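**Student:** Sharing a structure, written as structure tokens. Questions coming.
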Amino acid sequence: MPSITTRLSDGLDDALAHLPLALVPLVIAMLDAGKIRSVLAFDGVHVGIRFTLPASVLSTWSFVSVPNDGTVSAGIPPSALAEPSVLALAVGGLLVSSALAAGYFGSLTNALAGEPYRFAENVRRYLPAFLVFTVAPVVVLSPLVLLAGAPSALGIAVIALALVAILVATYLLYATPYLLVLRETDLLTAARASYALAVDGGAYLSYALGFVAVVVVVSPVLSAITVSVPVVGLAVGVPVGAVLGLAGNLATMRFVADIDPESDGFDRGEDGADVHSGGRPDAGDDGEDNTQSPGDDGSYHGKK
């Protein structure tokens, strides 16, 4: 099994080969107006650390610690409940983010299989599942956010409880969006499969720990550049974070395909082209037998 550094290095190569897909994490980062305002309003030097698992579209904010962002957020500000216009914008943002995630994750599998991106088709196919996957945490966390505002020991306890719950749930379910598109299945089946991999530990746990460790190393540097350098830092950090996020998502897609017994994996041909484990090259049929057989190291090699 490749190391986390090897997987992420390969993920970066894949990301550079599929840069158009980086537009999705770029747009998602730009849609988070609250974090952008926090960065622009900050005056000074900021070095922060993030602890991130690849459970969703990875953007700049997956790697950058934003000043004064230590509270529990449900994605919709409490003030939105009293202002219909703000609530409408927040709900619209969730819908747009869900649509982007649906098209993005589906297109990741297209990219790794050597196929053209079918973004619109993936949105139509997976939007309901990704909408539930995006909105469910908001619904669960919203009451906790209101309780966390209480200036008492109760507020502190609620924050601690919410953070632990988020950590556990993220670990158990981080493979869900990948399994959803790899298996072309429903959300509940994908979530159950992710849970089964998580409780089994093994490679799933090792990858999670390795991914978090890499983010811990990268985040202080990217946070310092993005937050501490006025305007220019944001202009550099957002696109760089988008490419890193794409690399992380592509690497995780390959990893989940490798460890899931019901998913077809991805491998590279001898010419470096992406090949689906079903023996399908990224360009049309060349007339050769592309049936694949497992090698001694567990990888797959096309028959000549």
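Heads up, the Cβ atoms here are built off N, Cα and C, so glycines get one too.
As annotated in TrEMBL:
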COMPBIAS  265-283  compositional bias 'Basic and acidic residues'
REGION    262-304  region 'Disordered'
TRANSMEM  15-33  transmembrane segment
TRANSMEM  45-66  transmembrane segment
TRANSMEM  86-105  transmembrane segment
TRANSMEM  126-147  transmembrane segment
TRANSMEM  153-174  transmembrane segment
TRANSMEM  195-218  transmembrane segment
TRANSMEM  224-247  transmembrane segment
**Student:** Would you mind listing the long-range same-chain contacts of the transmembrane segment (15-33), meaning Cβ under 8 Å and 6+ residues beyond its ends?
**Tutor:** 57-61, 93, 96-97, 100-101, 103-104, 107-108, 111, 117, 238-239, 241-247, 249-250
**Student:** Look over the recorded stretches 45-66, 86-105, 195-218 and say which has the most C-beta pairs under 8 A to the transmembrane segment (224-247).
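**Tutor:** The stretch with the most contacts is 45-66.
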**Student:** For the transmembrane segment (195-218), what are the same-chain contacts with Cβ under 8 Å, counting residues 6+ beyond its ends?
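**Tutor:** For the transmembrane segment (195-218), the list is 1, 3-5, 7-8, 49-54, 62-63, 171-175, 244, 248, 252, 255, 259-260.
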